[in-house]
Structures are given as C-alpha cells and as structure tokens.
Amino acid sequence: MEVENRPNTYDFSKRDKLLSNRFYEENSLQDETDDGGERWCLICGDRASGLHYGIISCEGCKGFFKRSICNKRIYRCNRDKNCQMSRKQRNRCQYCRLQKCLQMGMNRKAIREDGMPGGRNKMIGPVHISLEEIERLMSGQEFKEGSDLSDSWSHGYSNHSSPGNSLSEGGQSLSFSSSRSVSCRDECISPQLTHTFLMCKYPLPPPTGSILKTQTHTLTGQILADEDLTPLTTPMLIEDGYSVTQSELLALLCGIADELLFRQIVWLKRLPFFTDLSIKDCTRLLGSSWHQLILLSSITVHSAQILGELANVTHHYTPSSHTLQRFGEDAMEVMESLNFLFRKFHQLNISNEEYSCLKTITLLNQETTGLCNTSMLKQLSERYWTLCRELTERLHPQRPKRFSDIITCLTEIRHTSGKMMSIPLEQLPLLFKAVLYSCTTNQNPWLPKSSTSRT
C-alpha cells in the first residue's frame, strides 16, 4: 500500500512538547523533593505516588514494571536502546522503559509471588544489578531458565500467578505492555474471572449435573453450529483517491459494531442452554459482555476483513492536527493493547471450535448482579471452561501451555474492551487507523526486523 512509503505517517512524538519536570540523575536513588515537597518518578518524571519496588515512582511505571516481570514480557527497541523517558513518551518504547526501571534500581524481588497488588516486603529497597543481568532480563534468558525450572514441577505453582503475555512461536517473540495502573486492571478483572483464570492452570473438578453430561464433541458441534461465520455484510469498499472524513469513518465503525452486536444476539438465542435461563439473566449477561464479544469476533473470525477492507478505508482517512493533539494517553494504551491482541491471536491461530468456546466462556464469566440462576450459570461456566481446555489439548497436544495463553488473551480482551468504552467517539477513527496501519505494515514493533529499523 502507498502508506508503506510514509514511515512516520503517525509520528505521535510530535504532538506534545517535552516535559519540563526536573528529572533525577541516572544514579540518584534518594527521596528528593522540590521546594513544594512533591516527588517525581525516577523513570519518567511524572508525579510520584510513593515508594514502589524499592524506588520513588509513579503508578504508571509501578504497574508497567510489575506486569513486565510477572508476565515475563520481552520487548524490542527500534532505535538505539536509549530512548528518552517522560510522562508522555514512556509508552513509545517499552524496552527502554523496562531498562530504565532496572537501571534505576527497581527490585523485581519485591513483587509478590502471587502477582496480586501490594509489595511482598515493604522494607525491600533498591538494588544494583550488573549490565549482564539487565541484558539477561531484557532478552528473556532469565525468564526462559525460570520457565524451564517451573515446567519440571508437574503440579507446582510457578513464581507468577498468570501465564506470560510473551508468546514464542517459530523463534519469534511477541510482547505487550501499557502504562495503565494496577488498580485500573484490578477494576476490570472481576474476582470471579480471576478465580477461574487461576483454576485453569490446574485440573478443574469434573462437571456434575444432568445438564452437563453432554459429550464433549457433541457440545462443541452444537455451539459451533450456532455461529454465523459468514463475512460481514457492512460495505467496506472505497474508490481509489477518495478522501474519507472523520464522520464517514466513524459511521462505518458504528455500522460494523451494529452488525456484530446483532450477530451476538442471534447467537445467544441459539445456544443450547438459552431456554434453561431466564430472559433477565440472558439480558444481563449479554449487556455486560457485548463489547468483549464484538472485540473477540473482530480479532479472530473477522480479522481478515478488518485487516483488509477496513484497513484500506482507514488508509484514505487523514486526521487533522487538532485530532492528533487530542489523541490522549488512554487511546494510546488501547492502541497498544489492540496491536498485541491482533498479533497474538494471529499466532495462536484459533480454530472455529475454540472461538465458539471462548465466546461462551466470555458470556458466562461476568460479575453481574441480580442474576436469578447463579448455580446453573456456575455449572455452565465450569463446563465450557473444561470443554475449551479439552478441545485445545486435543487439537494441540504438543503445546500444553496453549490454553493458558488463550485465557490470558481473554483477560486482555476484557480489560481492553472496557477501556475502549471510555474513549471519546471522535478519537475512534484515528485509533483504528493507527492500529490497522501498525498491524498491516512493518511499523509494528513486534514484527521481526530483517535489516533496518525505522525511527
């Protein structure tokens, strides 16, 4: 596409001036304050919220460091591994951000082993680690050795509560990060979903109840038959040379969302357990999960159309300078999350059967108040979790961690879709243009670089 000849079509670094906040010196670990008594993050210069993992830092860098270590993420720098860190630039290079965290003394041993909020030991201070150890962490070598050790425990707990967001397949690494705070993620991941997610690493108890006795292959066939896997009918074709306006692209995005939502309603009514649930329960479940279902559909069965036809339409949209300036940090984080999800699901290559199971799991695992038949919903939830795991193990016996990778993606979908709901409508055209441009060109930082890298 023509867009590939414009390497910096979206140079977000130009939309903000550099911060004027006073940064700490690279080797200073003291709790310094300015005349007003405020403290600044050692990593990015944002206002610090306290002592986190041994050093003074902000909530964003605290959460980023925790996710990077707990999820064993591996990043790449497209430049010289010396990118500037500031509050508004910290999201642009996760490699340099994590490297700065380690250089400034953030202590990974202060992270709780269960991965939950709260330091493991408030008295643990900053640490100094060698350049060799930093390189081992940044390259993922230390994570790999730790993973090999934990794999030798047949049923033992690993050092982290959730599978990593780094996926290695065919010698290529995929990673994800954003600067959202831990508290934001805690709000988006319900206790019910977190509990079930943790349970998925270990054998679930066998399902009970007459409604759960359907054979696995029969049940899989039933929910697959309920799916409408045909291409989207919303027109996404455009003539060459036509300039798409912001309102036109927004109308198209709304049209696609409307069609996907309608398909979810039809799908729900076809599910084998639909008649066993009250209309009230079905309405509440769909009302709390529709945005997750739409996102899941977009990045799996409809990804070819989204990355093809829709990406071509967004290519003909040119945002104004005003729109670029108003593209906030929340939108940047969503963009990063969507990039990750598109890439990871592409590598996972989810089958239609797995997709059907994941949709059902997403529908049933909602922390919704006012449900009538909670006991049946719990049984159904356990049944479809087990079904999905059995299906994944049968289709991919050589990849025992595949199910955990998939469930990690569901958690990310839950968070990202919720975050998208807070993005102003007028920012959505630019958001999708940036995401689809990144996913369809080698601008994506997770794509392997063959010879040269763009800056």
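Glycine residues also receive a Cβ, built from the backbone N, Cα and C atoms like all the rest.
Computed from a predicted structure; not experimentally measured.
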Zinc finger according to Swiss-Prot, located in which of 41-61, 188-208, 293-313, 335-355: 41-61
Structural state census, the zinc finger (77-96) (DSSP three-state): 6 helix, 0 strand, 14 coil
Tally of residues which DSSP labels helix, strand or coil - the DNA-binding region (38-113): 28 helix, 8 strand, 40 coil
